[in-house]
Amino acid sequence: MEKVIPVKKNNDYEIYIDDFGNMGEGIGKIDNFTVFVKDAVKGEKVRAKIIKVNKSFAIGKLIDIIEKSQDRTEPVCSIYKKCGGCQLQHLKYTEQLEFKKNKVVECLKRIGKLDLSSVRINETIGMEDPYFYRNKVQLPVGETAGEAKIGFYRERSHEIIEVDKCFIQDDSANEIILLIKRWIKEFNIEGYNEYSGKGTLRHIMIRKAFKTGQIMLVLVTNTENVPHKKELIHMITTEIQGIKGIIQNINNKKTNVILGQREITLWGESTIEDYIGEFKFNISSKSFFQVNPIQTEKLYSAALKYAGLTGKEVVFDAYCGTGTISLFLSQNAKKVYGVEIIPEAIENAKINAKQNGIENTEFIVGKSEEEIPKLIEKGIAPEVVVVDPPRKGCEKSLLHSIAEASPKTIVYVSCDPATLSRDLGILSELGYEVNEVQPVDMFPMTGHVETIVLIKRVDK
């Protein structure tokens, strides 16, 4: 007999919210049928309108809060409910940190099937000030009714929600956006129409080096000719402190990829300089660099602590990117081998090592699951392996190769608790056990959490 679904689309229901979903949405039940309600807080009774019904769950839109949680707070941003950038501004920051810790723990239990009774689970490392933390912002520029618009995409759409002030990006980026809006209005600059492929300005990228204060502005254009660019350069260079370079990136392809291949430096330098800890990095428009440098330093310090290096160890750094973790590890390691599939990232890693005077690192282009077994075949035995994979997690074959190499310590840095938990479940079957788990809030006001895990070989 087919299960009767107790809710109907477009009807309103009173729902008690007894849990949080993956990105912080409220979860309640009607006759044991699950309903997700965005912006509802655990412990609240709400009225929600059902906007979507599936076989096993429904999605409701928050209409009214009948019983309010003491964990609720007023969002600071006027476009919070329209813009897709933040998910948790309505939740007190202490509760955001608790939510993120619980999210990690639930994944470890449910997906990893791990016994956590002897595992140390630390509180989420948060920020003293959880606003204005992003050192990079990318804003689409579109056109509506003949007028250019700058903002963020509405969640799950390409509709641009105009923004004057974003509370999670560095405040100097907000100042630059207002100047660009002034320039667009004054000189009637065309925004890009993604349907017709016409228009001048496609995207604005702003990068700021927090330690040095240097700022880079990138104008992504559909055409090589940018009318009145001299006026914009004058406005930016006279009104923005710390501006180091203004770059034009030309992208005339019909694509969702933001940056094109060709760049022209319109004013100043093509890179900015920043530090993580003691290490200096040159950052171009295309460089990968963690967007929250304050929390990155805490994350990498935890990785170094978990690695427990004494100066005698060989370390493998899988998915090493531009070598930022490798550099941190090199301080206390005998040798660090970094592997990364993106050739440009490896070139950056080599430059970063050279300019910091580091000689005990070696960087290899290739898939970690292919290159690390080759290193092991050459007789290079790691005492410590660090993995920092993309959201999809580690390849199963890589985990098996690591286990066969039998390092005493594995340090796993993850941006997705679900794939982390899956991989930890595999490692637990290969002779390893989880010792300690440290969630880090890299992205306050959002549902995302970074996690670093200390894993030890079980010596029988």
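In case you wondered, yes, glycine gets a Cβ from its N, Cα and C as well.
Since we're looking at a predicted model, the values are computed, not measured.
For 6-64, the entry in Swiss-Prot reads domain 'TRAM', with the evidence type sequence analysis. According to Swiss-Prot, the feature [4Fe-4S] cluster binding site maps to Cys77, Cys83, Cys86, Cys166. Residues annotated as S-adenosyl-L-methionine binding site in Swiss-Prot: Gln290, Tyr319, Glu340, Asp388. The annotation active site, nucleophile is assigned in Swiss-Prot to Cys415.
What Swiss-Prot annotates, mapped onto the structure for a quick look.
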residue	record	Cβ within 10 Å
Cys77	[4Fe-4S] cluster binding site	18
Cys83	[4Fe-4S] cluster binding site	19
Cys86	[4Fe-4S] cluster binding site	23
Cys166	[4Fe-4S] cluster binding site	23
Gln290	S-adenosyl-L-methionine binding site	19
Tyr319	S-adenosyl-L-methionine binding site	21
Glu340	S-adenosyl-L-methionine binding site	27
Asp388	S-adenosyl-L-methionine binding site	23
Cys415	active site, nucleophile	17
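When the binding-site residues Cys77, Cys83, Cys86, Gln290, Glu340 are compared by Cα distance to Cys415 (active site, nucleophile), the shortest distance belongs to Gln290. Cys77 ([4Fe-4S] cluster binding site) sits 24 Å from Gln290 (S-adenosyl-L-methionine binding site), taking the C-alpha atoms as the reference points. One way to see the shell of the S-adenosyl-L-methionine site is to take the Cβ centroid of Gln290, Tyr319, Glu340, Asp388; the remaining same-chain residues with a Cβ within 8 Å of it are Phe288, Asp317, Cys320, Gly321, Thr322, Thr324, Ile325, Pro389, Val413.
Here Cys86 ([4Fe-4S] cluster binding site) is positioned 30 angstrom away from Glu340 (S-adenosyl-L-methionine binding site), judged by their C-alpha atoms. Spacing of Cys86 ([4Fe-4S] cluster binding site) relative to Gln290 (S-adenosyl-L-methionine binding site) is 18 Å (Cα to Cα, whole number). Cβ proximity to the [4Fe-4S] cluster site centre (mean Cβ of Cys77, Cys83, Cys86, Cys166, cutoff 8 Å) flags the following additional same-chain residues: Ile79, Tyr80, Gly85, Gln89, Phe152, Val163, Phe167, Ile168, Met445. Assigned with DSSP, the residues of the domain 'TRAM' (6-64) fall into helix, strand and coil as follows: 0 helix, 36 strand, 23 coil. With Cys83 ([4Fe-4S] cluster binding site) as the anchor, the candidate binding-site residues are Gln290, Tyr319, Asp388, and the one with the nearest CA is Gln290. Taking the Cα atom of each, Asp388 (S-adenosyl-L-methionine binding site) and Cys166 ([4Fe-4S] cluster binding site) are about 29 angstrom apart. Calculated from their C-alpha atoms, the gap between Cys166 ([4Fe-4S] cluster binding site) and Gln290 (S-adenosyl-L-methionine binding site) amounts to 19 Å. Across the residues annotated as binding S-adenosyl-L-methionine (Gln290, Tyr319, Glu340, Asp388), the two Cα atoms farthest apart lie 16 Å from each other. Averaged across the domain 'TRAM' (6-64), pLDDT for the predicted model comes to 95. In this structure, Glu340 (S-adenosyl-L-methionine binding site) is part of a beta strand by DSSP.
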